[in-house]
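What follows is a single structure, written as structure tokens, with notes after it.
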Amino acid sequence: MRTEYCGQLRQSHVGQQVTLCGWVNRRRDLGSLIFIDLRDREGIVQVFFDPDRAEALKLASELRNEFCIQVTGTVRARDEKNINADMATGEIEVLASDLTIINRSESLPLDSNHVNTEEARLKFRYLDLRRPEMAQRLKTRAKITSLVRRFMDDHGFLDIETPMLTKATPEGARDYLVPSRVHKGKFYALPQSPQLFKQLLMMSGFDRYYQIVKCFRDEDLRADRQPEFTQIDVETSFMTAPQVRELMEALVRSLWLDVKGVDLGDFPIMTFAEAERRYGSDKPDLRNPMELVDVADLLKAVEFAVFSGPANDAKGRVAALRVPGGASLSRKQIDDYGNFVKIYGAKGLAYIKVTERAKGIEGITSPVAKFLNAEIVESILERTGAQDGDMIFFGADNKKVVADALGALRLKLGKDLSLTDEAKWAPLWVIDFPMFEDDGEGGLTAMHHPFTSAKDMNADELKAAPETAIANAYDMVINGYEVGGGSVRIHSGEMQQTVFGILGINEQEQREKFGFLLDALKYGTPPHAGLAFGLDRLTMLLTGTDNIRDVIAFPKTTAAACLMTEAPSFANPASLAELGIDVVKKEEKN
């Protein structure tokens, strides 16, 4: 039906007859001439109808926005005064000779001239996706997956599919369950990741596996989370953690170079402990220059319990955050930031305004200054690197609250005060995570997943002191987003059972839930390691949006609903009966 895409026409096509198909993006009727901007997935080109082609001109008078049409015409060079430098096709136009209206369009429920609500965009997603910026994002996503496949193929990886209907296993979030008609009362689970299957593929001898795969997690959603999402899933045998990181870093660097023309350079490596200490986060945004600085040792003897209490507590922390230029913040702004940190468990926000650094305690303004002597103030100013016009905020509480509160404040201030360099790319690896964390009920839970190996510990050592174990795990972080994470896996049956035991999974449960894995570990399992990237997050970064729904063709809302199809929906009673399922309705409270 067509010979060219609209957006691909250039000067080299001048004089050629072309047939184009697409949608009317805009129409301008000048009486004897009608101009339209014709749009397809590749872009927009100007088409005009003149009186010499009377039949086409007459039909063109009926055109309205979003009519689907076919146009045949001749490509012409525009007069120099009419060249549009803002359009890729701005040096040419098409003189139409024939026009076919394939389908007319009703008035649109979306307004192309204004910002539409996200609810409207999701309800009429098929119209929203016609917008050039949305089409470009999905084209970039397709390019990314193509580049990934080429890279993985070039490095000897095999693309192997794993099951979508599998067994429910505890991986940290709730499973989406699928009832079995054949085995009434039993359920499949949609995979949260192909984790165990890719490990089994290594045990099967495939050595290098990858897959671009859908995963499902029934969890509370955030702005950058979806109930179904896509992973670039990778697993290797006989490779160390540094080797896996080197290879996956090369993959990501190649994506940025091909898609953005940016060389990311070598990724720095930072331990979990250092990231938490300096940035209050295990996914630090290194574009932001501010850092948390420990000052507890300076405040142990002050007669101010808010500081001295945590300063003398082994589980406590007192940290300072220097904000360049922050002394200009108003009282209301300071109060707002104080309320902000309360979201993260902090009780408030002490501060020092530095007006004249050279005067020491005489050159500051602070509601806590009366508790501090000149020597302490000077030490704080020196340690934080404070200068005239700076603000120093303090966090004093248990270590987690201080890290969470000041870490979040650091990000907010970086954005509010334009301290974060938005034009910069800041990738890094975070390594050496704790293997376990407190589950809040006196037990331990795996920080990554139960199949991650410990670093430099055997089973007996791990059993004796699990809370000290460091996981052989690694996360890739770019601009404050965790884009990928992985680990060296356990390849010993004894070690795997030890980890299960530490997590409170008894031997009977181990057999019921993971018997197939424990059996497989008996037969010469190779050392193996892997990683999974979030394709949606990578695409989000590479297309410059901060909304993950912008890079998914048909996403769900934060309530896990599809506004377009109205999923989820009630099932047919006959289908439920066939599955042996009764729906228990909640009683409505009066």
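Just so it is clear, glycine is given a Cβ too, placed from its N, Cα and C backbone atoms.
Values in this document were obtained by computation on a predicted structure and should not be read as measured data.
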Feature region 'Aspartate' in Swiss-Prot, mapped to one of the ranges 195-198, 239-242, 419-422, 431-434: 195-198
ATP binding, same site as Arg217, Asp218, Glu219, Gln226, Gly534, Leu535, Asp536, Arg537 - Swiss-Prot member from Glu161, Glu291, Glu467, Glu482: Glu482
Nearest of the binding-site residues (Glu219, Leu535, Arg537) to His448 (L-aspartate binding site), judged by Cα-Cα distance: Glu219
Densest Cβ neighbourhood among Glu219, Glu482 (binding-site residues), 10 Å radius: Glu482
Neighbour tally for Arg489 (L-aspartate binding site), based on other Cβ positions within 10 Å of its Cβ: 23
